Amino acid sequence: MKPGNQTPVTEFILEGLPNTRELPSLFFLLFLLLYLLTLMGNTLTLLTVLCNSRLQALPMYCFLGHLSFLDTCLSSVTVPKILAGLVGPSGRAISFGGCVVQLYTFHFLCSTECFLYTVMAYDRFLAVCQPLRYSVVMSRKTCLWLAAGTWLTGSIHAVIQAFLTFRLPYCGPNQVEYFVCDIPAMLKLACADTAANQVVILANIEAVGASCFLLICVSYAYIASAILKIRTVQGRQWAFSTCSAHLTLVLLYYGPPVFIYLHPSSSQASDGAVAVFYTAVTPLLNPFIYTLRNKEMKKALRKVVCGQTLSLHA
């Protein structure tokens with residue numbers, strides 16, 4: 001599309017999720033319940049780690065605390081706007097600046113979580129394959145540096161993506177065929193050639209998503225080899241249980257984004273359904289898959305809940 005003399009867009013209208021306008025009240029209650037459960041579950045997980053000095057000293061739970069915080073923020077970037085759009089047409093409007101912030105924050109959180117999953121896989125690799133060196137290599141200082149590195153690299157990635165997207169002129173239609181300001185939907189509205197941006201998106205998926213997923217796969221290949229060498233059934237069960245939750249979340253997290261960004265011509269309905277899964281459903285599953293299946297976390301969670309209950313009755 002050529003810009004010509006058209007007026008620059010100052011506001012966008014998010015189309016929202018397809019097939020939800022027929023029963024807006026039902027979907028509003030559904031997403032509200034989903035959001036509240038996500039906030040409650042991840043907040044409890046984060047508080048459990050913060051209130052237990054023993055868990056804070058263990059890298060796995062330190063990373064889990066970061067993951068819970070990320071999931072809470074990621075859900076808060078998308079779900080409230082979905083709820084606002086279900087309330088009425090005015091709730092689907094978003095300013096140009098708000099759209100920039102939303103796209104940056106969305107990619108910042110998603111990419112940071114991508115890097116964090118990779119670091120968590122490395123942590124599990126050390127714990128299973130090199131248990132004698134684990135406490136030395138994965139020290140508290142190293143753990144903090146790795147966590148900080150995921151946030152920094154995620155921020156750099158998001159700045160690049162937001163800059164490349166909004167350096168383009170937007171002077172025509174302002175109807176975003178999506179429930180959030182995301183790159184594929186925004187490029188369709190640009191009044192310029194977006195071929196270069198499309199190349200950057202694919203290169204980014206290969207450089208960031210695929211490389212992180214490859215590192216995770218390599219880590220788990222070594223882990224699987226180490227588990228097979230364990231002679232005792234109890235030892236194998238411990239090794240499997242300590243890795244299964246993380247591996248499950250990795251598969252749930254990586255699948256949807258790859259589908260969306262490697263298939264830019266796919267339909268709005270399919271993209272919306274897939275994206276909702278990893279931005280709203282996966283953050284909800286984190287406390288159930290990663291926390292409630294862990295005996296130490298359940299024990300620490302009971303102490304937090306019981307302690308709060310006793311303090312209220314005191």
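Note that Cβ sites are derived from N, Cα and C of the backbone, with glycine treated the same way.
Annotated range for transmembrane segment in TrEMBL, selecting from 103-122, 123-142: 103-122. Through the fold, the transmembrane segment (103-122) approaches residues 60, 63, 66-67, 70-71, 73-74, 77-78, 146-147, 149-151, 153-155, 157-159, 161-162, 165-166, 180-183, 186, 208-209, 212, 215-216, 219-220, 246, 249-250, 253-254, 257, 279 of its own chain, all at least 6 residues removed from its boundaries and within a Cβ separation under 8 Å. Within its own chain, the transmembrane segment (274-292) is flanked in space by residues 17, 31, 34-35, 37-38, 41-42, 44-45, 48, 64, 67-68, 71-72, 74-75, 77-79, 82, 106, 110, 178-180, 182, 245-246, 248-249, 252-253, 255-257, 259-260, 298, 301, which lie at least six positions past its ends and keep a Cβ under 8 Å from the stretch.
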